[in-house]
Amino acid sequence: MADNYVIWFENLRMTDVERVGGKNASLGEMISQLTEKGVRVPGGFATTAEAYRAFLAHNGLSERISAALAKLDVEDVAELARVGKEIRQWILDTPFPEQLDAEIEAAWNKMVADAGGADISVAVRSSATAEDLPDASFAGQQETFLNINGLDNVKEAMHHVFASLYNDRAISYRVHKGFEHDIVALSAGVQRMVRSDSGASGVMFTLDTESGYDQVVFVTSSYGLGENVVQGAVNPDEFYVFKPTLKAGKPAILRKTMGSKHIKMIFTDKAEAGKSVTNVDVPEEDRNRFSITDEEITELAHYALTIEKHYGRPMDIEWGRDGLDGKLYILQARPETVKSQEEGNRNLRRFAINGDKTVLCEGRAIGQKVGQGKVRLIKDASEMDSVEAGDVLVTDMTDPDWEPVMKRASAIVTNRGGRTCHAAIIARELGIPAVVGCGNATELLKNGQEVTVSCAEGDTGFIYAGLLDVQITDVALDNMPKAPVKVMMNVGNPELAFSFANLPSEGIGLARMEFIINRQIGIHPKALLEFDKQDDELKAEITRRIAGYASPVDFYVDKIAEGVATLAASVYPRKTIVRMSDFKSNEYANLVGGNVYEPHEENPMLGFRGAARYVADNFKDCFALECKALKRVRDEMGLTNVEIMIPFVRTLGEAEAVVKALKENGLERGKNGLRLIMMCELPSNAVLAEQFLQYFDGFSIGSNDMTQLTLGLDRDSGLVSESFDERNPAVKVMLHLAISACRKQNKYVGICGQGPSDHPDFAKWLVEEGIESVSLNPDTVIETWLYLANELNK
């Protein structure tokens with residue numbers, strides 16, 4: 001067969017992009033180069049750019065197209081739609097030239113013969129010669145047709161693929177990116193179908209799509225064919241896998257988030273383009289579990305690493321699990337085109353919203369920006385034209401056809417979709433904040449309503465009422481002076497960890513476990529340990545919350561492990577000091593099922609908390625769960641940069657008892673390099689510092705409690721709040737005692753209280769006293785670093 005017009009995938013390399021487009025060249029590259037390394041890619045063939053150009057030259061088609069486009073204004077959406085439709089119909093009506101027709105038939109017959117004469121089904125996909133250039137994400141600009149069989153249906157699908165180079169979004173996109181229409185050609189790829197209609201499929205990236213953090217693989221997954229994930233028609237499951245521990249052969253799944261997965265795309269019994277697939281509802285039982293196993297997540301992540309290493313750059317990869325043979329296949333791989341382009345930009349832009357906020361709805365945050373404007377509710381594509389510059393576009397889900405109007409919006413909000421859908425990809429590329437998968441945003445938001453859309457607060461994006469006060473700060477990270485002390489960060493929210501990873505720091509000086517328990521678990525540990533004793537209503541609520549996990553107790557341990565592992569991975573191999581849960585009894589009582597198990601205390605700030613709680617008969621089994629989670633993170637997952645901090649240790653007896661309890665739960669001081677840090681936050685800790693240090697490897701000073709207990713004031717009381725000041729001479733005496741005791745014994749001493757974040761002069765005094773590290777809120781890291789360098793590097 002002449003390979004003028006048709007080439008088999010295995011004969012293609014990345015050097016053939018101009019002949020068969022990025023998508024098909026990449027399939028050929030993987031089949032020929034990565035099959036031996038264990039990456040499975042279904043085979044097939046591609047038509048060439050020459051074939052496409054020969055087709056357009058046939059019957060004077062290209063002249064008619066050029067004439068129609070020459071006078072088109074793409075900002076006129078109605079005219080764009082009319083001209084695009086006319087051109088596409090011309091293409092569908094034009095038969096293939098004789099040679100192309102013959103080569104397609106010969107290739108198809110060979111494909112059928114190679115399959116043993118079976119009635120095979122294929123995917124017919126477009127691959128534009130400019131589609132996957134790193135500076136132009138043509139994501140989903142052209143069509144894909146799934147479950148096509150029979151030669152006539154394959155040829156019809158190829159006609160549709162060729163026509164898709166002139167759909168509205170593709171025409172608009174080329175103008176937007178400065179491509180001439182006739183320099184982009186199209187290749188049709190014909191690939192054996194993976195039966196993910198009865199399995200699962202999704203997308204993965206070899207970096208975090210929102211922060212650009214490149215030490216993770218981000219995997220999305222849902223039931224059925226992958227188009228729903230790509231189009232944003234479902235909210236998929238999401239997983240993060242940590243590359244360094246994956247390479248080391250350790251369990252490396254950092255985090256799992258269950259998506260709603262309401263529908264799945266399956267095959268129909270029709271085999272022609274446009275009729276070969278349909279969506280059906282997913283049974284509730286399947287929705288309430290993860291669509292792929294931990295073993296499959298890990299296997300996919302290994303494929304992602306292999307592909308990324310081969311291409312030498314971050315990648316965006318589509319995959320499918322065949323429901324018949326149970327195997328995982330890679331369907332596409334292309335360069336990631338947004339975050340990896342920002343590598344040279346070492347400026348950090350942070351958004352903060354000031355004042356009171358009323359949440360109208362929430363979903364998955366795309367990007368890390370904030371947008372504001374009036375709501376523009378759009379039911380379908382026919383209303384697109386009503387979107388004006390600065391509107392907040394609110395709709396059920398966007399179609400890639402909407403790209404021409406998406407760039408007018410100040411923000412985008414959708415009911416459906418996950419972080420790898422088209423709306424998300426285009427929003428990222430345009431630099432517009434988007435909140436996807438809100439569920440019912442189109443019902444909760446009203447046309448013309450003024451809103452603020454925030455993607456600056458972690459994985460969850462919020463739509464707030466009104467045009468709120470937004471503060472923007474820009475920081476250049478390139479020219480940071482040497483810090484005169486170790487600067488660390490206080491981080492509680494694992495969802496923000498990757499965003500903070502590019503801040504200059506020595507690690508996390510305070511990782512608050514209670515944030516994980518409160519936000520990501522929300523249930524009292526005793527209610528989970530005694531699940532069988534709960535009433536039916538509480539059982540139902542707990543069962544709903546723990547969907548996807550093996551048991552109530554497993555849920556608690558797994559969620560703590562996920563949160564801590566994410567925090568530790570974000571700064572690995574730098575230290576992460578994890579404080580064991582420091583809830584007070586009233587805070588524990590607020591958790592689901594908690595009011596039954598907690599005492600009522602007049603002053604919980606000074607009550608049943610810290611070390612005394614951990615060793616108490618009515619809580620030590622709960623503490624054991626926290627220990628089990630941290631042991632897993634350190635010993636199984638290999639994140640040995642995790643250190644343990646014990647808060648609120650009142651007496652030397654408590655210190656001895658809690659160290660013993662940790663050892664009994666597998667967390668022995670010194671074993672596998674484990675350091676135990678004590679929070680030095682009571683006057684007794686400072687006065688008896690040398691004795692307390694017998695049990696610990698150092699102190700982290702909690703200046704908040706140390707101040708209130710030294711000065712005898714309730715920090716939660718507004719009546720005496722004016723007297724609260726960490727810089728009070730009495731407090732400084734206590735801190736001096738603690739720091740000097742650590743220095744004398746050559747043990748670690750840091751501070752993780754609020755004081756240094758609020759008062760740079762206090763941070764300076766601490767450094768002069770000999771403190772080893774100051775742990776700051778992330779938003780004050782740069783400012784305090786620069787202040788200390790300026791004051792102390794003289």
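Placement of Cβ uses the backbone N, Cα and C atoms for every residue, glycine included.
When the candidates GLU530, GLU598, GLU601, GLU681 are compared with the substrate site entry in Swiss-Prot, which names ARG512, ARG579, GLY702, SER703, ASN704, ASP705, the shared residue is GLU681.
Residues ARG512, ARG579, GLU681, GLY702, SER703, ASN704, ASP705 are recorded as binding substrate; their most distant pair of Cα atoms lies 15 Å apart.
Look at ARG512 (substrate binding site): DSSP puts it in a strand. The most densely surrounded of the binding-site residues GLU681, ASP705, judged by C-beta neighbours within 10 angstroms, is GLU681. Cα-Cα distance from CYS752 (active site, proton donor) to GLY702 (substrate binding site): 6 Å (rounded to the nearest whole number). Note: ARG512 (substrate binding site) has non-local neighbours ASN490, VAL491, GLY492, ARG579, ASP582, i.e. same-chain residues 6+ apart with C-beta under 8 A of its own C-beta.
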